[in-house]
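Asker: Per Swiss-Prot, the features are:
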BINDING   Asp33, Gln41, Tyr46, Ala86, Phe120, Asp286, Thr327  FAD binding site
Amino acid sequence: MYNTDVVIIGAGPVGLFAVFQAGMLGMKCHVIDAQEVIGGQCITLYPEKPIYDIPAYPKIAAEELIKQLELQAAPFNPIYHLNQQAIELNKQDDFFEIKTSKNTLIKGKVIIIAAGAGSFGPNKPPLANIEDFESKSVFYFINDKSKFAGKNIVIAGGGDSAVDWAIFLSDIANKIYLVHRRDKFTAAPESVRQLRHIAETDKIELVTGYQLNALDGNNAELQSVIVKDLHNNTRKLDANILLPFFGLKQDLGSLANWGLNVKHHHIEVDSSYYQTNIEGIYAIGDIAHYGGKLKLILTGFAEAASSLHHAYSRVFDGKALHFEYSTTKYGEKK
């Protein structure tokens with residue numbers, strides 16, 4: 001049995017920043033994550049993807065962001081319980097007891113749920129025999145962009161992942177086809193602007209009004225992707241690689257059975273301190289839902305700070321928190 005102040009579920013960027021914030025407030029942390037390494041989707045799905053909206057970083061790779069967040073949290077000696085899920089929750093007086101899938105027991109006064117999309121997997125397009133090409137010609141996640149150098153690539157989707165990867169890979173690919181069933185893209189406006197600028201060259205071709213229809217190839221080697229419009233007109237795109245980006249399937253797993261208010265696979269919280277309907281349990285980052293929610297990493301950072309400042313009196317038995325700036329606090333911790 002471990003005893004701690006705060007149990008953080010999720011070791012993605014928001015969970016890691018929560019470790020730092022808790023440490024600055026004098027709180028000890030244990031962190032639970034289902035993956036074998038810390039970093040969440042940033043490491044598992046897109047370590048090389050550039051992130052542009054982190055303050056003070058004009059551009060930073062997801063993997064590097066996680067490295068910096070881990071370094072920032074390290075002085076506070078968090079204990080990580082990786083490759084295991086939080087499966088059971090029991091309330092005991094002023095404490096919560098969590099049991100993991102490896103039978104680890106952790107007792108804490110506050111729980112911060114920063115589980116991102118929960119357990120995640122790709123939404124796969126309904127194409128015949130697509131599994132024959134997976135991991136060789138069809139990829140749902142990118143962890144090594146160099147394998148796509150000089151390739152003809154079909155990217156399918158209209159959101160941030162599809163648009164961002166089309167831009168990012170355009171420097172190394174021979175040709176990119178971006179297939180989307182609509183004329184408008186739902187990615188960030190600046191990303192769409194960059195996309196359309198590059199599309200004026202031969203590096204990216206926008207194939208709008210079409211959807212994926214079939215794959216053609218042999219021995220897991222893709223030769224072409226067949227797309228179809230609303231009038232059943234087809235077009236063959238010569239391609240070696242297919243990257244379908246249709247979002248993730250979300251699964252809260254055991255968290256859905258903890259008595260929390262859940263809506264559309266997200267945990268509902270108040271918009272002031274991000275506390276759930278159970279006092280002492282907070283949800284932050286992509287897993288949290290409230291009016292006006294923005295699914296951004298930097299928003300999750302702010303939610304981590306607010307929730308832990310609010311949790312201070314619970315952790316320290318009603319003691320009032322006297323606010324100090326980090327320059328003062330960090331000097332005391334050294």
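Think of each number as a place in line: the chain as shown, counted from 1.
Heads up, the Cβ atoms here are built off N, Cα and C, so glycines get one too.
Give me the structural setting of these features: burial, nearby parts and distances.
Answerer: Using a 10 Å radius centred on the Cβ of Ala86 (FAD binding site) and all shown protein chains, the other Cβ atoms total 25. Ala86 (FAD binding site) falls within a strand when secondary structure is assigned with DSSP.
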Asker: Under 8 Å Cβ-Cβ from Tyr46 (FAD binding site), six or more apart in the same chain: what's there?
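Answerer: The answer is Ala62, Phe141, Ile142, Asn143, Ser161.
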Asker: Under DSSP, is Gln41 (FAD binding site) helix, strand or coil?
Answerer: helix
